Amino acid sequence: MGFPILSLMVVLPLIAAMLVLVLPGDEAGKARAARWTALATTLLLFVMGMQLWQDYATDAAGFQFVERLPLFGPWLEWHLGIDGIALMLILLSVFLMPLCILAGWESVQKRVPEYLAAFLVMESLMIGTFAARDMLLFFVFFEAGLIPMFLIIGVWGGARRIYASYKFFLYTLLGSVLMLVGMLWMINDAGSTDIGVLTDHDFSVQAQFWLFLAFFASFAVKIPMWPVHTWLPDAHVEAPTAGSVLLAGVLLKLGGYGFIRFSLPMFPEASAQLIWLMFGLSMVAVVYTSLVALVQADMKKLIAYSSVAHMAFVTAGLFALNEQGIEGSMVMMLSHGLVAAALFLCVGVIYDRLHTREISRYGGLADTMPRYALLLLFFTMASVGLPATSGFVAEFLVLLGLYQTSTWAALVMTTGIILGAAYMLWLYRRVAYGAAAGDDTRAMPDLKAREVVILLPVVAAVLWMGIYPKAFQDPMRPAIAAVVAKFDGVALATLPTDMTILQAAGPQPVPAGQAARHLVQTQAAH
Amino acid sequence: MHPIFSSAIIAAPELVLTVGSLFLLLLGTYGGGANPPGNVINARGVTLAAVIILGIAGWAVIDAPAGRFEAFAGLYVADGYSAFLKVLILGAAAASMLLALPWLQAAATLRFEYPVLIALAALGMCLMVSADDMLSLYLGLELQSLAAYVLAAFHRGEGRSAEAGLKYFVLGALASGILLYGITLIYGFTGTTNFGGIALALSDGSKSLGMVFGLVFIVAGLAFKISAVPFHMWTPDVYEGAPTPVAAFFSAAPKAAALGLMVRVLVTAFGPAVFDWQQIVAFLAVASMALGAVAAIAQTSLKRLLAYSSIANIGFALVGLTAATPTGIEALLFYLAVYLAMTLGTFMVVMQLRTPDGRPVEAMADLAGLSRSQPRLALAMAIFMFSLAGIPPLLGFWPKLAVFQAVIDAGLIELAVIGFVLSVVAAYYYLRLVKIMYFDEDKVGLVSDGSRANGVMILGAALFCSPIGMLAMAPIAAATGRATASLFGLG
């Protein structure tokens, strides 16, 4: 066992959180010191994340940086390790955290040390969730995140914060306890809490169905899928800007991560038989929530519904059960993590100035806030999935994979892209073009240096992922191949569509790498 | 050596408690005046002496040789199981004595009888968990109950407290009667009151209807003592009426003792009749979890809320007994250990708080904005609430996990699903307290008023319930494993 970098990344934010809480000084001095401490910690973690990426052996299969300590009696052990999927999601978390801290730099004035401590605890828990190699340890990190998020929404949230925080907490808790029952059954059946052992364990097909549904109850709420998505718009609208960033950027990905880490490799038969469920819900979600997004008057709500639609792409891609689909879903999660986070940051910028999220109160920002309008345009396009942005790579790969499994599902999901363009462009038109809604709107100052500093790294990351996605895809490829290998010879559900194409052959014609290379060439030609 | 002496050596903890509580009584009676400040100093001195006596008794428990020792012709047994529970009981009783001092002093009812009564109750409770015969069971239970009745009415000048004492006494006497009736039925049908003898009589398969009747009556009588639904009616009223430190005491040590007793009776005496009592216990567990979760939602009084919370927690602990396996009992003991810390910690925080005009805190709404006025106490309270709600990584999650894992292992998955769903319902009201403390605006400006000892105990309980407490899981698991092995005669 080498240098315990993962443990350090989990523990460091916790130490910083405690430090932030006990800083001496008066109210203002404490707040200042706490902000700088939190920023320094999150930046340090970002550097550590980069180091992790640097040291990660891209081609190797299996888990790296494994740490194992039997600390907690008979129930679980401290067992960490990452594969490419976990690596990428950890990088997303450590990338977004400094931005979250900066986003609340001026707008949060109430109980600053507690606020920052909650975020630091969140960061530790997110990294822990992605790095956990013990199922109960995973569950602990996964669930523990509810507490700081409950407080973030409830203490620093908007007008209906209490309703939203309860809904968030109880919805996700109910889903999770059903998963926990499934986990306990699995632990009794396999005699181990180790995720690796459980992945190799063959659960009976009948058990797989129940277990799949138990895990589905948790991950579907978390990701969220229609019809259990209703907590998300409430939570987003009421959460402070940084809370929304975290929620959209990382917490939704926990659901997708859960599917790819547990549901797919542990219950392959059930997954293959239940693709109709996943496709059906994804198709409904992408059309329904896109239409709902169209009629929203509240900016955050609109972006929240767009998140549900994008997450539907993730679930559809994952259950295409081939490399392109799963890879597309992973890129979609990363891309959405960046773009939705940036959009919430953009909303935060104008909310700080006008203290309303109502779309009709804005307008004409292209004239009065040109820099802001430019960045907002960029992220709008990224959300729509314009080529050269990360959104395009993600949607393309998902649809490519999905098409092989079900052309009908691919067809319906594609309409989601069109609807997505509709609501995002319309949002942009109403906010940035036309005449300003009032004098106060016209008087809003353009972006400050701090706000530009927050948004520019996201621009860079989105472009990087859009133009050269290989850097992100390569580390994930062995891990995804391991998941797909679980489906060798597994029969897919037969549906009255052409979903049976791959039944005999097993998934996987075009290697995803070629698709990505093709993409790069197309863009280079432009 | 005469058998009475060897028996006395085996029952050393009880001997220490008996002689000690008589000594405390003398010390209290002759030690000081009836008026302040003499009575206060006297009561403090007696409390300190009582804690030391409990400590000696605890040392006698820990120092005893490992293994199973019977005493007093099979009336009494000292084994790993009783030792584990006695450590919990003595610890909780000592904490209950200490935590009451500032509160009783502020209420001007600090009298030396308080620690003496708790010491007597502790003696009864130790007898309960060491009982190996229906007679010693009843003896211990009644000694504990009589002390508890008096404690409930400790604020004798206050109508509410007297009412609580009377209510508790009448209902408790009824329950004791039911229990005794069950014991006589069992004696009549098996010809013995000894646990081993009953098991032997049952194991030949000649189970008569009368025996099942006796079993049901005994379970009903014991269910009253642990306040399991549908025998819980007294709990909210008594908690609300009794002085807060007494409610804290009721919620902790007696619950552990009665539950420990119930486990021993059902596992050792009625082990062969497991299929008869398993469904009764399953019903008690589900009903307690459900009622504790649902009825607490509408409460506005803190003490009533905590009463329903303790009912729900007993339900969760009973889930471990439903499994009727060594893993289930291990989980139950683990649950008890953590539950004691959570409930005592919560009560201590409540007692530590005062309104600016010196009134104790009773309504939940009084806690509004506590995170501003008393951030440290609010943090401790939040830890206890999230822990009681069973949210990982707080320690309260793990015993829940353990009991449900045991029932899933025993093939009762439905029970686990019901239990977990009910734990989400229960999470609602624990969250409500967190919401009141953290989200609502401060109107009252509560002040912290208590002893340093209480502060240290709150800190200790909060640390234990926090994720740091997870490090204690391995030693606790080892201890519960040993205790259960001795109960099942495995080691």
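Each residue, glycine too, has its Cβ placed from N, Cα and C.
Per TrEMBL, transmembrane segment is recorded for A:6-24, A:36-53, A:78-103, A:115-132, A:138-156, A:168-187, A:207-228, A:240-262, A:274-295, A:302-321, A:333-351, A:372-402 (among others). Residues annotated as domain 'NADH:ubiquinone oxidoreductase chain 4 N-terminal' in TrEMBL: A:76-125. Here TrEMBL flags A:132-417 as domain 'NADH:quinone oxidoreductase/Mrp antiporter transmembrane'.
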Intrachain neighbours beyond the transmembrane segment (A:6-24), with Cβ under 8 angstroms and 6 or more residues off its ends:
30, 33-34, 37-38, 41-42, 44-45, 48-49, 52, 65, 67, 78, 80-82, 90, 94, 113-114, 116-118, 120-121, 123-124, 127-128, 131
Does the transmembrane segment (A:78-103) reach the transmembrane segment (A:240-262), going by 3 or more CB pairs under 8 Å (6 or more apart in sequence)?
yes
Is the transmembrane segment (A:207-228) close to the transmembrane segment (A:240-262), in the sense of at least 3 CB pairs under 8 angstroms with a sequence gap of 6 or more?
yes
Could you put numbers on the helix, strand and coil content of the domain 'NADH:ubiquinone oxidoreductase chain 4 N-terminal' (A:76-125), residue by residue per DSSP?
34 helix, 7 strand, 9 coil
Residue numbers, six or more beyond the limits of the transmembrane segment (A:333-351), whose CB comes under 8 Å of its CB atoms:
88-89, 92, 95-96, 99, 103, 107, 236, 241-242, 244-245, 248-250, 252-253, 256-257, 299-300, 303, 306-307, 310-311, 314, 357, 362, 365, 369, 372, 375-376, 379-380, 382-383, 389-391, 393-394, 431, 444, 447, 451, 454-455, 458-459, 461-462, 465, 472
